[in-house]
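*Asks:* Below are the C-alpha cells for one structure; questions will follow.
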Amino acid sequence: MKVGVIETHHSHPIIPSVVVQDTSEDPGLIEKGENRFARQWYLPGAFAQYNINNNSNKDEEKKKKKEKKSKSENKKDGERQKNKEKKEKHKNKDKKKGKEEEKKKDIFIIDPAGNMYYNWLFCITMPVMYNWTMIIARACFDELQNDYLAVWFIVDYVSDVIYIADMFVRTRTGYLEQGLLVKEEQKLKEKYKSSLQFKLDFLSIIPTDLLYFKLGLNYPELRINRLLRVARMFEFFQRTETRTNYPNIFRISNLVMYIVIIIHWNACVYYSISKAIGFGADTWVYPNTSHPEFARLTRKYVYSLYWSTLTLTTIGETPPPVRDSEYFFVVVDFLVGVLIFATIVGNVGSMISNMNAARAEFQAKIDAIKQYMHFRNVSKDMEKRVIKWFDYLWTNKKAVDEREVLKYLPDKLRAEIAINVHLETLKKVRIFADCEAGLLVELVLKLQPQVYSPGDYICRKGDIGREMYIIKEGKLAVVADDGVTQFVVLSDGSYFGEISILNIKGSKAGNRRTANIRSIGYSDLFCLSKDDLMEALTEYPDAKAMLEEKGKQILMKDGLLDIEVANLGSDPKDLEEKVAYMEGSMDRLQTKFARLLAEYDAAQQKLKKRLTQIEKILKPVMEQEFLDFEEADPPTDKPGVTKTE
C-alpha cells in the first residue's frame, strides 16, 4: 500500500488527510498519477506526514519488471533470429544467383581443335560446295532449273538452315586467349561480331529469294550471295590436310577438284554467251538446238565442258572466234588458263617430287654405298648383304631416322613419345624394374634403334661390353664358338648385356661378354650404351646403388661374383674415371668462361665506341651552351672594392 498526501483545503488549522491507494493492480499507473481501481480512505492527521509502502508490492513489482525484461529480451532474440534467417536466405539466394550466372557464363562451348568442330565443318562444306557448283549451272541451263524446280527449292532451303546454324555454331566456338579456351558467351559473341567473317556470313543469308515474287522462279542467280561462305570450305580442307595420314594424296585431290570447278564455271559462262549471241549463229558458239542431238541437256553441258577444258588447258584446237565479244572472252580464258594452270601444275609437280623425296634420298644413300664398295673392291657376297639390308629397311618402312624426325619437337613431347613407345619395353629388364620414373624417362630418351641382318653377330664372347640390348622384333641365338650350335633362342622382349654396362666390382667376367649372340633373321633391337647410362645415373645416386646391388645379386645366383673383391673399398679405376670426369668438366668450364670473357671484352669495346661517338656529338653542343651562359651572365666586381668617380 502506498500512502500519499492528496490535498488540504481548510482555512482552520490544517488537519491533513491521507488517501490510501491500493496499487497492487498496476504499479505503472501510480507512476503516471492514475489508478482505475483506487480505493481511498482518509487517515487521521499524524499519519499524513508519512508515505507508507507495502513490501509485498515491491516484490511483485520486481517480478513484473523481470518478466517484462525477459519478454522484451525474448522479443529481441526472436527478431535477431528472424534477421539471421533473412540474411541466410539472402546469402542462399545470392549463391544461387552466382551459380546460375556461372552456368550462364560456362555455356556449351565447341573446342575448335576437337572432333565435333571438324565434323561440323564437313556438314557446312556440303552446302557450300553445292552452291558453288549448282547456282551457276542452274542460271545458265534453263532445263536444269525448270525440270527439277522442287528438288532445288528443298536443297536450297536446307542449305540456308545449315548456314544459319553455322552462325550459331560460330558464337559457341571457343578461342584461345593466353593459352586458355574462352568460354564466356558475351566474349564469344563480341569477337564474332567484330570479325570480317560475321559480315560475310550475314550477307550470305540475306533472303534475296524474295525477289522471286517479282522476277519469277527462273533466276537462281539471285542466290549468288550464298557463295560468300566459301571460307568454311577452305578451313575444312586445311584441317583435313593436317589430320590425314596421306597429305600428299589429299593435296593432289584438292587441286584436281579446284581444276574441275574452274572448268565447270567456264563451261557455264560459254553456254550463257552462246545463248545470248544465238545458238548456231557462227562456228564459235554452241550449235543450233533445233537439231535433236544438240537439244539434250546432257549434250549441252558435255559440249560446253569439252570446249572449256580445251581452252583453259590450251590443248587441242577449238573453233576460232568470229565476233569481238567472242575474241575478248577467249583472250581472258587463255590468260586465266595460263596463270591458274601454271600454278596448279607447278604445285602438283612439287607435291609429286615431295612424295618421292624420301625414296630419292634413300636411293642416293644406296648409290653412295655401292660406289664406295666398288671403289674398295668389296666382295660380291658382302655387297649383296648390304643391298638386302637396305631393301629390308625400305620395305618395312624403317629407313626413317627417328632422331632426325623427332628433333623438331620440344623436349616434353619428345619424351612423351619415347615413353609411349619404349617405356614398357625398358620395364621388362630386371635391373630397371623398380627404378624411379625419372630415371626411366632419361633412359628411354637414350635408347637407339638398330637393325641386324641374318647371320650378324651382335656380340662375341670376350668382347668388352659397352652396350646392353633389348629385342624389339626378331630372333637371336646364343651360339657356340663354331657359330652353328644353338644353346638358347631369344625372341621379342628379351634383353642381354645389362650386367656388363654396370661394371660391378668382383665380377669374375669383368665387363666382358660371356656368350656369342647372333641374329637368325632380320632383327630390330634397342641399344643402351654404358656412357648414356652413367650420364643418366649421375643425377640419381640412389638408383645407381640399387642397380649395382641388383647386379650383384644376379651375379651371385650365377656364381660369377667374387664376394671378397666386391666387399673391398672403392676401385682405383672408379676413382680414375671420376678424376677424368672432373678434368673434363673443368675443361668445359674453362672453355665456357673463356667464351664469356671474350663476349664481355667485345661488349665493353662496343660500349667504349658508342661513348666516344656520343662525346663527339655532344662536345660542340656543350661548348656552345657554355659560351652562351658566359655571355648572358658577365662577371661582377669583387666585393669590398668601390669605384671612384
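Even glycines carry a Cβ here, placed using N, Cα and C.
From Swiss-Prot, for reference:
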- 1-121: topological domain 'Cytoplasmic' (TOPO_DOM)
- 53-100: region 'Disordered' (REGION)
- 70-86: compositional bias 'Basic and acidic residues' (COMPBIAS)
- 122-143: transmembrane segment (TRANSMEM)
- 144-153: topological domain 'Extracellular' (TOPO_DOM)
- 154-174: transmembrane segment (TRANSMEM)
- 175-199: topological domain 'Cytoplasmic' (TOPO_DOM)
- 200-218: transmembrane segment (TRANSMEM)
- 219-223: topological domain 'Extracellular' (TOPO_DOM)
- 224-242: transmembrane segment (TRANSMEM)
- 243-249: topological domain 'Cytoplasmic' (TOPO_DOM)
- 250-273: transmembrane segment (TRANSMEM)
- 274-296: topological domain 'Extracellular' (TOPO_DOM)
- 297-331: transmembrane segment (TRANSMEM)
- 332-356: transmembrane segment (TRANSMEM)
- 357-645: topological domain 'Cytoplasmic' (TOPO_DOM)
- 439-561: 3',5'-cyclic GMP binding site (BINDING)
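Help me picture where these features are in the structure shown.
*Replies:* Tertiary proximity for the transmembrane segment (122-143) is limited to same-chain residues at least six positions away from its ends with a CB under 8 Å from its CB atoms, namely 152, 155, 158-159, 162-163, 166, 218-221, 223-224, 226-227, 229-230, 232-233, 236, 261, 264-265, 268-269, 271-272, 275, 297, 300-301.
When pLDDT is averaged over the topological domain 'Extracellular' (144-153), the result is 92.
Away from its own ends, the topological domain 'Extracellular' (219-223) comes close to residues 131, 135-136, 138-139, 145, 152, 156, 208-209, 211-212 of its chain (Cβ-Cβ under 8 Å, at least six residues beyond either end).
Residue counts for the topological domain 'Cytoplasmic' (243-249) by DSSP state, with H, G and I taken as helix and E and B as strand, are 4 helix, 0 strand, 3 coil.
Among residues of the same chain six or more beyond the topological domain 'Extracellular' (274-296), those with a C-beta under 8 A of the stretch's C-beta atoms are 140, 303-304, 319-323, 325-326.
Here the transmembrane segment (297-331) has Cβ contacts under 8 Å with residues 137, 141, 143-144, 147, 262-264, 266-271, 273, 277, 282-287, 289, 337-338, 340-341 of the same chain, all six or more residues outside its ends.
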*Asks:* Pairs of Cβ atoms less than 8 Å apart decide it: which stretch in 154-174, 200-218, 224-242, 332-356 has the most with the transmembrane segment (250-273)?
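*Replies:* Stretch with the highest Cβ contact count: 332-356.
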*Asks:* Assess whether the transmembrane segment (224-242) lies in contact with the transmembrane segment (332-356), where contact requires at least three Cβ pairs under 8 Å among residues 6 or more apart in sequence.
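*Replies:* Between the transmembrane segment (224-242) and the transmembrane segment (332-356), contact is absent.
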*Asks:* Identify, in sequence order, the residues in the chain of Phe487 (3',5'-cyclic GMP binding site) that are 6 or more apart from it along the sequence and have a CB within less than 8 Å of its CB; answer 'none' if there are none.
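*Replies:* In sequence order, Ala477, Val478, Val479, Ala480, Ala515 meet the Cβ cut-off.
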*Asks:* In sequence order, which same-chain residues at least six apart have a C-beta under 8 angstroms from Leu439 (3',5'-cyclic GMP binding site)?
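*Replies:* Looking at Cβ-Cβ distances below 8 Å from Leu439 (3',5'-cyclic GMP binding site), excluding near sequence neighbours, one finds Ala536, Leu537, Tyr540, Ala543.
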*Asks:* How do the residues of the topological domain 'Extracellular' (274-296) split into helix, strand and coil according to DSSP?
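*Replies:* The topological domain 'Extracellular' (274-296) comes out at 4 helix, 0 strand, 19 coil.
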*Asks:* What same-chain residues lie close to the transmembrane segment (154-174): Cβ under 8 Å, and 6 or more beyond its ends?
*Replies:* 107-112, 117, 120, 123-124, 126-127, 130-131, 181-183, 185, 188-189, 192, 197-198, 201-202, 204-205, 209, 223, 226, 229, 232
